[in-house]
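Reviewing the structure listed below.
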Amino acid sequence: MESESQTETKKGKSKTPKKAKESILKQKSPAEFFAENKNIAGFDNPGKCLYTTVRELVENALDSAEAISELPVIEITIEEIVKSKFNSMIGLVDRERVDEALYDDYETTKAREKRLAKEARAQEIQAKNAALGKKVKEHAVSKSSKGRGEASFYRVTCRDNGRGMPHDDIPNMFGRGLPIEISSSMRGQNYLSFCRLDIDIHRNIPHIHLHEKRDNKDKWHGAEIQVVIEGNWTTYRSKILHYMRQMAVITPYAQFLFKFVSDVPDKNVTIKFARRTDVMPPVPVETKHHPSSVDILLIKRLIAETSKQNLMQFLQHEFVNIGKPLAERLIGEMGPEFSPKMAVKSLTDQQIVRIHQLFRQAKFDDPSGDCLSPAGEYNLRLGIIKELHPDMVATYSGSAQVFEGHPFIVEAGVSVGGKDVKQGLNIFRFANRIPLLFEQGGDVVTRTALKRISWNNYKINQTQDKIGVFVSIVSTKIPFKGTGKEYIGDDISEIASAVKSAIQQCCIQLKSKIVKKMQAREQQERKRNLSKYIPDASNAVYDVLQEMAKSHASKKRRYEEGDADILKKVSDHLITKETLYEKLTQHVEKVDYEMALEYATQTGVREEPREDIYLQSLDGKGNFFDFHSPIFVFRLFL
């Protein structure tokens, strides 16, 4: 009975209707989404946050200067802000600690004594190693020296000489944390726009603190952006400096001034990367979408934004490489429900899918590489020489190729020797002229250099030589892997093949140089050996001639007239050891010169010009034009 009553009670309870919770979908703004998913934007940790900030500011400054064909002059400053100064900036009063045991860096008396004893032992060992001449390792910073809660803040400032921003458009810049300060002026403006703003993350709109016009007495144009962020200079110092050095390699036409400013003078850093050339990459030509590179969503967007009325006009004007004859053939292949005059806005979802399928299956001409802006073989070579000072370098720039309808160009450089270059392979990767520093192991360039290039075949020792491998991939779509966009996958055969071919072309050039260098070294060694034995040979020959002269004088043995004249000169001391030494030395020099001349002549005849020289188009703005070659640019002024 009890079980029955319990059952009834449960049933009775279940009959009571419950109010179902309403399903609420919360919409987040883009700013709020990235604030919660910082790793996607490259803000994984404080160190990466500082690196990403520097990278974004530098790249935007470069784009701004190149947009107006101005040789970039970029100043980047990182100023360390101590905790007390940061607190005063945000209006927070410093407080003394009341409960020491509450903090992460608190240590008991016993733990402190133990730590001090350990540090004393470590110092004794270091002193002994120093006395014995052994390498002394730096003592690791203990946990108590800096607690987990002690955040480091930095003021990052980037100043350029680029386009600048219109006064009214500056508030459209978004920031986070402390307000961003922006100063900007465009060419010809007699005023400077200043704006201090931050962002309303939830509404994704700027919050403007100050927006005013100021005097521009220096007639400066460009932008200066200042932002205060949390970071870690200690752990990412090498990454940031490495990034700046690689930027100097790929953009030798730019001038960079990098500063790190701290209250501790020993930590200050100032590095200037000087400009090596004033030849800038070509300005890319605006292009339309290639039919084989679009997806359904992009087709729908193009339909919504197009100003064309019918399908025929839409295909001709919104896509590249589709002329009127091809457009008619495509429409005829789509099916009877399609016609050239049908309204493009009336296309159904099924019809759009049919268009997309046909785009994927049809054959189109490859897009041209005019829409790309590679660094250029000349600039790449100059950048490598400027920053690495290698013993020899070779560069190669391939022609435009295509993957999935997207054009791409691979440029490569291989160097041997140089300063600040470790033994083995040193790989430098660039995507659209931007250095890639992280996740190197999975990148197509790294895998190709390590596994697909037989370095020994090109007289290069992969482990002993100092090898620099530079590969720049430029495309309308870089196939990055992962959310951080830090490496290019190895799964696209067209790119992998182009990277391998470009590196091999550089290695072929280097092999020719290395072989010539080896032959020259062998020739010098042969000359050195011959010169080393000249004194002994002179003495031996002179002794033989003296004996022959004595035999001839005593008439024990008669020699022919020519030989007799030489023996008489020996007897009269007209031919001495010094004479023989001088003649042998002249002969060795003559043979060495003749062999070198013959080798140079044969090499010059055998090697035909392998690179064309291009003439830059002349416009009304300049009074000169350039002859471009991979190794030089000849500028002719009119």
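The count begins at 1 with the first shown residue.
Backbone N, Cα and C define each Cβ position, glycine as well.
Because TrEMBL annotations are produced automatically, they should be read as predictions rather than curated entries.
Feature annotation from TrEMBL assigns ATP binding site to N60, D160, K485. Using a 10 Å radius centred on the Cβ of K485 (ATP binding site) and all shown protein chains, the other Cβ atoms total 16.
As annotated by TrEMBL, domain 'DNA topoisomerase VI subunit B transducer' applies to 367-526.
As annotated by TrEMBL, region 'Disordered' applies to 1-25.
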Legend entry - Cβ-Cβ distance under 8 Å to D160 (ATP binding site), same chain, at least six residues away: A61, L62, S64, A65, P72, V73, I74, E75, G222, A223, E224
Legend entry - Sequence-distant neighbours of N60 (ATP binding site) in its chain (C-beta under 8 A, six or more apart): C158
